Amino acid sequence: MAQIIDGKRIAKEIKDKLKEEVSVLKERGTKICLAVIQVGQDAASSVYVNNKKKACAYIGIDSVSYELKEATTEAELVELIEKLNHTEKVHGILVQLPLPAHIDEDRIIRTISPDKDVDGFHPVNVGRLWLGETGFVSCTPAGIIQLLKYSGIEIAGKECVVIGRSNIVGKPMAALLLRENGTVTVAHSRTADLKEVTRRADILIAAVGQTKMITAEYIKEGAVVIDVGMHRDAQNHLCGDVDFEDVYSRASAITPVPGGVGPMTIAMLMNNCVQAARD
Ligand code: GUN
C-alpha cells in the first residue's frame with residue numbers, strides 16, 4: 001500500500017510559516033504586494049487567479065488585480081507591465097497564461113522584470129536555475145521538490161523520470177532534480193518506448209497532459225509517483241495523468257488529484273512573493 005502524499009497539508013504548513021515571515025516583514029515596514037494580470041475571461045484561468053488571490057489574503061500579501069478585456073493589445077499589456085516593473089511597492093508580477101492568441105506570450109514573459117518574475121518563467125531566471133544560481137523557480141516543479149522533502153523521500157542517487165518537456169513543468173523539473181543529485185531522464189511524446197523508460201524510475205513525475213494515461217504497467221514496484229495532471233474524467237470527477245486506483249498498490253508513495261501537486265504550486269508562488277520582498 002502506498003503512502004498518500006498530502007499536498008494540501010504540506011502546502012498549509014508552508015503557507016503558515018510564510019504567514020509568520022510576512023508579519024515580521026510587515027512590522028519592519030515591508031508590505032508585500034503581488035500584481036495579478038488576467039487578459040480575457042477564460043473560466044479555468046479565473047479559478048486559478050482567484051485561488052492565488054485567496055492565498056495572498058491568507059498569508060497577508062496584498063494583491064492588486066488587473067482584469068483586462070480579451071481585446072487588450074500586446075502594446076497595452078507591455079505598457080502596464082513596464083509601469084509595474086517601475087512601481088516600487090509592487091514586489092511580484094504574475095500574468096496568467098494562456099494569453100489570447102493575438103498576444104505573443106514569450107514577449108510578455110520577457111517584459112516582466114526578472115526580479116519581479118514570481119512565476120520563474122523569464123529566460124534570466126531559467127538560466128539562473130540551470131546554472132545553480134539563486135533566482136525565481138517555476139512554482140509547480142519547486143512544489144514537487146518540497147513534497148518529496150517533506151515526505152522524507154531521498155532524491156540523491158535516484159533514477160528520476162519526468163514525462164513531459166514543457167517550459168513550465170518538465171524542463172525546470174529536470175533541472176531541480178539534477179540540482180538535488182538525482183539521475184534524470186526526460187521522456188516526451190516522441191520517446192520510443194515510454195514504458196521501458198518509466199519502469200526504470202524510482203521517482204516518476206507525470207506531466208503528460210492525458211487523463212489517467214499512466215497505469216500500473218508504467219510503474220516499477222515501489223516507485224514514488226507524482227501526478228501533475230488535472231483533468232475531469234467521464235463522471236466529471238477531477239483526476240490526473242495517473243490512473244490512481246491502478247497505480248496505488250504498486251507505488252510506495254503517490255500524490256492524489258486533487259490535493260497533491262496543485263496546492264503546492266500556490267504555496268510556492270507565495271514563497272516566491274516573499275522571496276521577492278526579502279531581496
Ligand atoms: N497558467 C497555468 N499555469 C500557470 C502558472 O503557473 N502561472 C501562470 N502565470 N499562468 C499559468
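In case you wondered, yes, glycine gets a Cβ from its N, Cα and C as well.
Per TrEMBL, the features are:
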- 5-119: domain 'Tetrahydrofolate dehydrogenase/cyclohydrolase catalytic' (DOMAIN)
- 138-278: domain 'Tetrahydrofolate dehydrogenase/cyclohydrolase NAD(P)-binding' (DOMAIN)
- GLY164, ARG165, SER166: NADP(+) binding site (BINDING)
Counts by DSSP class (helix H/G/I, strand E/B, coil) across the domain 'Tetrahydrofolate dehydrogenase/cyclohydrolase catalytic' (5-119)
57 helix, 18 strand, 40 coil
Output field, NADP(+) shell: CB within 8 Å of site CB centroid, site GLY164, ARG165, SER166 dropped
VAL162, ILE163, ASN167, ILE168, VAL169, GLY170, LYS171, VAL186, HIS188, ALA207
I'd like to know which of the binding-site residues GLY164, ARG165, SER166 has the most other Cβ atoms within 10 Å of its Cβ.
GLY164
Secondary structure composition of the domain 'Tetrahydrofolate dehydrogenase/cyclohydrolase NAD(P)-binding' (138-278) [DSSP: H/G/I, E/B, coil]
53 helix, 26 strand, 62 coil
